Amino acid sequence: MDSKEDEAATPELLSFFYSRFFPFKTYVNWLNYETDSNIILLLESNNAFKNRELSFTLASDAYIRYNSYNGEEDLKAEIMKMCPTKIDIGAIYTIKPKDKKSMRLSAFRPVEKELIFDIDMTDYDEIRTCCSGASICHKCWKFMTVAIKIIDVALREDFGFKHLLWVYSGRRGVHCWVCDENARKLSNESRAAIVSYLAVIKGGAQVRKKVQLNRTLHPFLRRSLRIIENYFEDIVLKDQDVLGSEENWSKVLNCIQDDEIIKKLSNKWNGSNSKSSVQKWEELVNELEHAASVSGRKLSKKAEQLQICKLEIMFQYTYPRLDEAVSKNMNHLLKGPFCVHPKTGRVCVPIQPDDCENFDPFEVPTVSSLYQELNLYIEGERKVQDYEKTSLKPYIKYFDNFVKGTSKEAREKNRERTFHTTSPVLKRRPQEIKKKNIAKKLSILEAEKASMPDPVVGIPTEFTKSLLRPLEIYKAATDPNATRYMNFFLDKKDEELLFETTPKKVAAEIEKSHKVEDEKVDDKFNNSTALIEEEKKAEILKSLVSLHNSNAKSIMMYNVKKTVEEFGRNENDTGSAEVQAAVLTVRILNLHEHIKNNHKDKHNYRGLRKLVHKRQKILKYLKRESLERYYTTIKKLGLDERVIEGEIVI
Amino acid sequence: MFSKRTLVSETGEVKNHNQKYPYRLNFYNIPPIEEITTEEFEVFALDRLQVLKAIESASLRSKTELQVADHIRDISNQYLPLHSTEGAKNYPLEEERRKDHISHFILRLAYCRTEELRKWFIKQECALFRIRFIEENKEERQAFLNNERLYWNDLTQNEKESMKNELSQANPHIKFNDETFFIVNFEQVPDLVARRAVYIKAGKAYVPISEQVTLVVVEFRKRLSAALDLASRAFPSIDDERILPLLNNINQQYLGKAYVFNNDTIVDKVTADNVDQMVGHFPLCMMHMHRKLRELHHLKHYARMQYSLFLKGIGLTVEEALIFWRKSFSSITDEKFQKEYAYNIRHNYGMEGKRQDYLPLNCNSIIMHKQPGPGEQHGCPFKHFSEDNLKVFLTQTGVKKDEHLKAILDIVKGKHYQVACTKYFEITKCLEDSISRGDGERHLMETITHPNSYFKQSVTLSKINNSQNSK
């Protein structure tokens, strides 16, 4: 009837479809359920996709179960290689399904799986008159519309599920994936309970009346009835014409538990084909009501039965027929969305439940139609994905959005969950933890920065403070109380000799000579005058050899001498590493003083840097030689490992 | 933990035990710590087992809840009496409760070994607990629940009023104004959900207080199954030559008469060709499927499973089975058969997949599990046929007299499907008269519990008849 009917999917077309259209990325995201949040990684390993069973049916009809993949690329490569005609999605197991054989069987069990529903048109064969078996038409597809409406609203409102993905199975049915977290974690028992709650039609081929209702309808049945009432006349009476031929209407009458009514109606309808199904239905309803009101006085139970009978027939002819075995077991497989049905070539596209009336299974894109569409597409300016060039675009977009919705919820759930765990550390929200950590890190960095000595001058220590600085010395020259330092390495002994002993000695000798030449003692020329004279000379000499009258170089030499004395390991040690470093430090400090006042002196600035690096080099050597000496030295010099070992910026 | 009410006699001893076992009901949280003799050990265990088995067989007979409760009370008074605190003056409560407590833990040990045993034990224990809980008076119950700290969120009066319509529609039999409702997640009350006996909205079930027992049993089941898991892990560490044989012996008792599948069947040789000749000996369920197979040249999955395992039970080998099904599915191409069905048949014989050697299904599982859906032919005709269809079918298969027909249908109405099947056997094999004549040899001793035992008895009977005729 339709040109698209029966375009079997050839392997070439399939491989074309997988390479150009199949939404691998969204697929993997979907089955992963957003478990990538950092905190969650700590709590549980992210196994959602890796431990998921995927099964393939190959073109040769071989069936490969228990495949599992690490990610998108892995999966894509395998699918491209095998080119399966059908991809089934199974449960998430305790271990990777592909490792199943290497493990004990008891360790391998399903832990999570979407709650799934399968509604197949073949189950409607006993009530539909238009087609049978695998074939469908627009008339009987309406049953599916009703089924989607009833099941969808029940799952959402009664059970509180939010993420329902309805998918056309490619030929004659629909699937429903309930992807909420609590739905995925349902036990088999709860699954069976939900199915039994939703299943109204019960009984095998040998039971004619498959619906038994109570007098008071459960709220769920009441709501389903409201939906059924909207469609019953249209689908069952007009389209299917179930009261048309005798074969069909006798099936309906068999549901009535009253032989008289059956006889009466079958007599009435036999032979006359003029009446439409709608008219016959009216007669049937009238008859039931009449009988109920008559028998109502005598047998109330019978009356109840007859009253409810009308509803039971309506349910039997319109209510969705679920394939219960599919939903009951967690490890049941179901064909995934966006597969290609091997017989019809149609893509298993999602159906929007609120727009399911307008879904037409015959308008669904097929592989060959996609191929043509892609060929006919005229490249625009913007570069677009292949699927966007074809009629597959809205379906893929819908699927993308659906997956975004589930992962958003999963993310929020994860956040909540960390809030509920018992560990007080995990109780805080991750952002708060992060913020605090960053603040902590910054404060540590700052403290480190603050404690970092200047690579050139270091931290002032006793040693560096004890060094003489030319400017200070010159300034102190006028200050009589300031300590005097002697130039030319004069020590205390020399000082005594020069300024105490020598003047006295000289004065005494002058006196002596005066006495020898001139026996008469000049009164004016007494002992003390010579001494004063000599002392004046000494004073002049003292200021001459004093450091504050020396040049900067002398002060420098003075400093160096002191340093060598301080750091030398023995008297003769003038060249050990610590002495070298210390002397360099003296030179550096001196030069630094100069650079501070003469910042344009680039030449000496370079010299300073050279000195600093040389000191660094020497200290590094010292560290290799002896840690103890190294640490005592750098401590005395006011330096830090960080300015010795690391890169230094001056 | 003490009981406020002094319901007990004055003697200190009873009082003491009242503190140990203040309530008749017990969640069996704490194992008994005392010494008992090995004789007592065995007696306690077997007595409790009697009660559990009675519960199982009562539920198999599909009696109503009330009948089952009455029956169990009798059995339980005989083997494992347990009285409410009210009866303190008349009964040795202390003794009874101690026995109940200890025997539970012995069986727990005996039945923790395999998944199947655990499942059976949990089922029967839950049923027993349920019966006891219902029997208990309201105050005792409440005191017990308080003691166990079992509380559920109540529905406030305002909320209750706002949902009045829905709540009373979902629970038509209750007095709405006196009822309190609990709010729980729907997963907690699967059997209420399955029966549509509770109002559900947005994943929450509103359970009326009259169904409180369900909530309690769910809790009981949860704790018991966790405890059994624990026990099964601890079991290997038991190394006591006094009790190990006892425990092994006890768990053999379960499911008393499992059909033993033996190869020396009574029929000489079953081949694909002579199945048709044996149909006369088949029970109704198998006969029905055989007919449908001949008529439609196809059977759906569960029907194939049920029938193929039955044929395996009567001695059809896997090679013959493949030939049999291939011939029966005459409208299907060779290729399709090999692809879609051959695997299935080999699987039944334990030659594919996890290589489990499946046993033929017994009546219980045929009746209770895998309810046939639209277009499916498997199941038990007595249970899964509508009355008219069953009537027609019975008439076709040899029930000629109206009185017989009526007798069978009455039994079916009472939901005793296996009894009905036995009756059918007796009628069609003309045993009715011989029973009335008191011919012991030809009397069918017990109820049919397995389609293969039906077949066996039928064949044996015909052999006896033949030999008698030849004489």
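Note: Cβ is positioned from N, Cα and C throughout, glycine not excepted.
Quick look at what TrEMBL annotates:
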- B:280-455: domain 'DNA primase large subunit C-terminal' (DOMAIN)
- B:Cys285, B:Cys363, B:Cys380, B:Cys421: [4Fe-4S] cluster binding site (BINDING)
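Overlay of TrEMBL annotations on the structure.
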residue: B:Cys285; record: [4Fe-4S] cluster binding site; Cβ within 10 Å: 29
residue: B:Cys363; record: [4Fe-4S] cluster binding site; Cβ within 10 Å: 24
residue: B:Cys380; record: [4Fe-4S] cluster binding site; Cβ within 10 Å: 23
residue: B:Cys421; record: [4Fe-4S] cluster binding site; Cβ within 10 Å: 27
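Taking the centre of the Cβ atoms of B:Cys285, B:Cys363, B:Cys380, B:Cys421 as the [4Fe-4S] cluster site, the nearby residues of that chain (Cβ within 8 Å, site residues left out) are B:Pro283, B:Leu284, B:Ile366, B:Ile367, B:Pro381, B:Phe382, B:Lys383, B:Tyr417, B:Gln418, B:Ile448, B:Pro451. On the 0 to 100 pLDDT scale, the domain 'DNA primase large subunit C-terminal' (B:280-455) averages 80 in the predicted structure.
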